[in-house]
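Enquirer: One structure follows; several queries about it will come next.
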Amino acid sequence: FLRQKVLLYHYFLFCFQQFLELLKSMTSSSVVDKPPVRRVAIFGGTHGNELSGIFLVKHWQENGAEIQRTGMEVKPFLTNPRAVKKCTRYIDCDLNRVFDPDNLGRTVVEDIPYEVRRAQEINHIFGPKGSDDAYDLIFDLHNTTSNMGGTLILENSRDDFTIQMFHYIKNALAPECCPVLLIEHPSLKYATTRSVAKHPVGVEVGPQPQGVVRADTLDRMRKIVKHGLDFVQLFNEGREFPPCTIEVFKIMEKVDYPRNKNDEITAIIHPKLQDQDWQPLSNGDPLFLTLDGEVIAYTGDCTVYPTFINEAAYYEKKQAFVKTVKMNLTAKRIRSSVLNQSTS
């Protein structure tokens, strides 16, 4: 009961914040000038067994004509080469969770985890994180075993530039669905690899098994990157983008599998929940199924939208799925400040 109250509190707090942002945008029609985006990186292999991004980055390192755009540098980069070579998620720890101040500032000693050392190297090349010298934009390419389709991951609900980009990508891909997952949360801290950049963009495409590459999944990822780069070029060339609104799924809570006193899983994802990412889940709907046939249902006061359902990599993280709530984000009218610089 207490957990549900906390969930509702965060939900209403976020809605109130978005209402204030919307009210602010409605009272001002002025254009927000943003710096041009000149340095872009495309990361593949943050997890060494998610092959679509690895295949694409290796291809673009050999022949990068399709990702180059006028007026900007686009750098394809293999983030975790040791894990890629072994086709495993990581060597010592999850590279996509160690870009926090403690790890980035950690003293390098002989027994430091490989991914922590690699994070420091990436921060040196593409950062430093949080500085003016950091890369403008990073696309971080991932695969999931969950039925999430081509998903965009947003880290900051007030990042007008990235919201505008997602709006452009979603329209370019229509009628194909392109959900947006907002991972902004007061207590869930991800410290992602892409967070080094001023504008971090996660691309999560599935379902695809670990250690496997599928042509349709790779193609969907490739199209997302293409449209994202097209948007950046248009922005840099001076196109003005009017205010826009996108639907997002805001992460609220991680849900673990039922477990016994030995911390062993005692129930599996119910067939009616399996592969139902982004679909509404209401009070009484089935969540889990024990091997004795007992159905464990969802109990909650509000409808939620689960995703990362039965993700293989999250068994070790004790996560069966994440709850999200659906809401809208509005971005202000933007254009590149390069126009003002060229006329001044």
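Backbone N, Cα and C define each Cβ position, glycine as well.
Sharing the record's features from TrEMBL:
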| type | residues | note |
| --- | --- | --- |
| ACT_SITE | Glu204 | active site, proton donor/acceptor |
| BINDING | His47, Glu50, His142 | Zn(2+) binding site |
| BINDING | Arg89, Glu204, Tyr314 | N-acetyl-L-aspartate binding site |
| BINDING | Asn96, Arg97, Tyr190, Ala191, Thr192, Thr193, Arg194 | substrate binding site |
| DOMAIN | 37-231 | domain 'Succinylglutamate desuccinylase/Aspartoacylase catalytic' |
| DOMAIN | 245-324 | domain 'AstE/AspA barrel-sandwich hybrid' |
Enquirer: Taking the Cβ of each of the binding-site residues and counting other Cβ atoms inside 10 Å, which one has the highest number: Arg89, Arg97, His142?
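Expert: Going through Arg89, Arg97, His142 one by one, the largest Cβ count within 10 Å is at His142.
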Enquirer: So how far apart do the substrate binders Asn96, Arg97, Tyr190, Ala191, Thr192, Thr193, Arg194 get, largest Cα to Cα in Å?
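Expert: Comparing all Cα pairs, the maximum is 10 Å.
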Enquirer: Let me know the most crowded of the binding-site residues, choosing from Thr192, Thr193 and counting other Cβ atoms within 10 Å.
Expert: Thr193
Enquirer: What's the CA to CA span in angstrom from Arg97 (substrate binding site) over to His47 (Zn(2+) binding site)?
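Expert: Each residue's Cα considered, Arg97 (substrate binding site) and His47 (Zn(2+) binding site) end up 11 Å apart.
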Enquirer: What are the DSSP helix, strand and coil residue counts for the domain 'AstE/AspA barrel-sandwich hybrid' (245-324)?
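Expert: With helix first, then strand, then coil, the domain 'AstE/AspA barrel-sandwich hybrid' (245-324) has 3 helix, 31 strand, 46 coil.
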Enquirer: Can you list the residues of the same chain, besides Asn96, Arg97, Tyr190, Ala191, Thr192, Thr193, Arg194, whose Cβ falls within 8 Å of the substrate site's Cβ centroid?
Expert: Thr46, Leu95, Val98, Phe99, Asp140, Ser195
Enquirer: Test of understanding: give the count of other CB atoms lying within 10 angstroms of the CB of Tyr190 (substrate binding site).
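Expert: The answer is 20.
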Enquirer: Can you give me the Cα-Cα distance between Arg89 (N-acetyl-L-aspartate binding site) and His47 (Zn(2+) binding site) in Å, rounded to a whole number?
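Expert: Arg89 (N-acetyl-L-aspartate binding site) to His47 (Zn(2+) binding site), Cα-Cα distance: 5 Å.
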Enquirer: Rounded to the nearest angstrom, how far is the Cα of Ala191 (substrate binding site) from the Cα of Glu204 (active site, proton donor/acceptor)?
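Expert: So the Cα of Ala191 (substrate binding site) lies 16 Å away from that of Glu204 (active site, proton donor/acceptor).
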Enquirer: If you take the centroid of the Cβ atoms of Arg89, Glu204, Tyr314, the listed N-acetyl-L-aspartate site, which other residues of that chain have their Cβ within 8 Å of it?
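Expert: Those within range, site residues removed, are His47, Glu50, His142, Thr144, Thr145, Phe308, Glu311, Ala312, Ala313.
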Enquirer: Between Arg194 (substrate binding site) and His47 (Zn(2+) binding site), find the distance joining the two CA atoms and give it rounded to the nearest Å.
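Expert: So the Cα of His47 (Zn(2+) binding site) lies 13 Å away from that of Arg194 (substrate binding site).
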Enquirer: Expressed to the nearest Å, what is the distance separating Asn96 (substrate binding site) and His47 (Zn(2+) binding site) at their Cα atoms?
Expert: 8
Enquirer: Pick out which of the recorded positions Glu50, Glu204 has the most other Cβ atoms within 10 Å of its own Cβ.
Expert: Glu50
Enquirer: Give me the count of other Cβ atoms within 10 A of the Cβ belonging to Arg194 (substrate binding site).
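Expert: Its Cβ has 28 other Cβ atoms within 10 Å.
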